[in-house]
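Student: Structure provided below as structure tokens; questions to follow.
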Amino acid sequence: MDLIYIPEDLSSCPKFGNKSCPPTNRSFRVRMIMYLFMTGAMVITIFGNLVIIISISHFKQLHSPTNFLILSMATTDFLLGFVIMPYSMVRSVESCWYFGDSFCKFHASFDMMLSLTSIFHLCSIAIDRFYAVCDPLHYTTTMTVSMIKRLLAFCWAAPALFSFGLVLSEANVSGMQSYEILVACFNFCALTFNKFWGTILFTTCFFTPGSIMVGIYGKIFIVSRRHARALSDMPANTKGAVGKNLSKKKDRKAAKTLGIVMGVFLACWLPCFLAVLIDPYLDYSTPIIVLDLLVWLGYFNSTCNPLIHGFFYPWFRKALQFIVSGKIFRSNSDTANLFPEAH
């Protein structure tokens with residue numbers, strides 16, 4: 001999600017001429033290093049999430065409610081890497097927007113939409129894991145295909161309506177005279193918020209769902225510990241039978257992994273959303289380099305997700321081998337066993 005630094009003194013703005021770019025003080029070497037680093041993050045984001053999308057879509061063994069939510073979230077991360085990050089990279093390195101005002105509004109709207117969509121997906125995944133671990137007897141009747149479809153529709157539609165409605169109406173910059181002058185003078189494109197909408201965005205779109213996720217995973221952790229303790233107290237000859245009803249090890253492991261995904265998300269996006277909340281009350285005095293770093297820290301979350309899957313999910317590594325080796329193109333490859341340890 002884009003942020004903006006608005007200088008207090010805009011009297012020097014006209015000397016650049018209307019819709020010009022202020023000169024950058026970054027050397028060629030610094031710009032090349034920035035391009036290399038950002039391009040690397042972008043490539044990992046695009047291809048890593050593409051592997052997740054292909055794997056869950058192709059292999060029937062991965063067709064589960066949780067994985068369909070993960071597939072949709074990977075699509076969000078893929079779009080961020082493919083559509084948003086390239087243009088943000090040029091803007092961050094060159095300190096200028098070369099792509100026009102109309103595309104600027106689309107870019108800002110789509111950027112915010114994807115950020116919020118990720119949050120909503122994580123909330124949905126947390127709910128799914130809650131029922132799987134804490135109420136397994138009712139999981140299959142609660143998290144049905146129709147329920148997953150409704151969750152996915154909400155995860156995409158609500159952020160889209162909110163983001164595009166807010167940016168296109170320009171309600172987020174209402175009353176910000178400095179912003180209007182800056183846009184008139186420079187080839188400039190960044191998403192910023194006045195005090196009202198900055199507070200609304202942080203409270204309703206980050207703090208509230210973030211608190212819900214933390215609460216749900218806290219409950220999952222407590223229940224998992226209780227199950228593990230109960231299993232350890234069982235006689236050896238009854239552990240196997242009781243374990244199937246008391247707790248599913250795979251579900252607990254999945255909940256733990258997705259909890260790590262949630263933790264990384266909060267760590268990456270919390271500083272950015274705090275800037276959205278606080279910067280308007282500081283008269284937008286946060287240096288532009290700091291805001292750029294916060295934005296790219298948020299983007300980096302989409303880079304981390306496939307790396308987390310690769311580290312914690314054996315099926316991801318197995319599916320990657322199928323894709324890289326070309327075995328995925330063989331007949332009946334969609335029925336391949338990605339969990340050999342389960343047999």
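Glycine is no exception: its Cβ is also placed from the backbone N, Cα and C atoms.
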Student: Check Swiss-Prot and name the cysteine among C96, C104, C272, C304 that pairs with C189 in a disulfide.
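Tutor: If we follow Swiss-Prot, the cysteine bonded to C189 turns out to be C104.
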Student: If you check Swiss-Prot, which of N25, N301 turns up marked as N-linked glycosylation site?
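Tutor: Cross-referencing N25, N301 with Swiss-Prot, N-linked glycosylation site lands on N25.
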Student: Look up N18, N245 in Swiss-Prot and give me whichever carries the note N-linked glycosylation site.
Tutor: N18
Student: Hey, in Swiss-Prot do A171 and I323 share a topological domain, i.e. the same side of the membrane?
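Tutor: According to Swiss-Prot, which assigns topological domains, A171 and I323 fall on the same side of the membrane.
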Student: Would you confirm whether the transmembrane segment (36-56) and the transmembrane segment (288-308) meet the contact rule of 3 or more C-beta pairs below 8 angstroms, pairs 6 or more apart in sequence?
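Tutor: These two stretches do touch.
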Student: Got a sec? Which of these disulfide-bonded residues, C21, C189, has the most Cβ atoms within 10 Å?
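Tutor: Most Cβ neighbours within 10 Å: C189.
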Student: How many Å separate the Cα atoms of N25 (N-linked glycosylation site) and C189 (disulfide bond)?
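Tutor: Here the two Cα atoms lie 19 Å apart.
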Student: Check for me, if you would, whether the transmembrane segment (288-308) reaches the transmembrane segment (151-168) - at least 3 Cβ pairs under 8 Å, residues 6 or more apart in sequence.
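Tutor: Contact between the transmembrane segment (288-308) and the transmembrane segment (151-168): absent.
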Student: Between C104 (disulfide bond) and C21 (disulfide bond), find the distance joining the two CA atoms and give it rounded to the nearest Å.
Tutor: 15
Student: Tally the residues of the topological domain 'Extracellular' (90-150) by DSSP class, grouping H, G and I as helix, E and B as strand, and everything else as coil.
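Tutor: Per-class counts: 52 helix, 0 strand, 9 coil.
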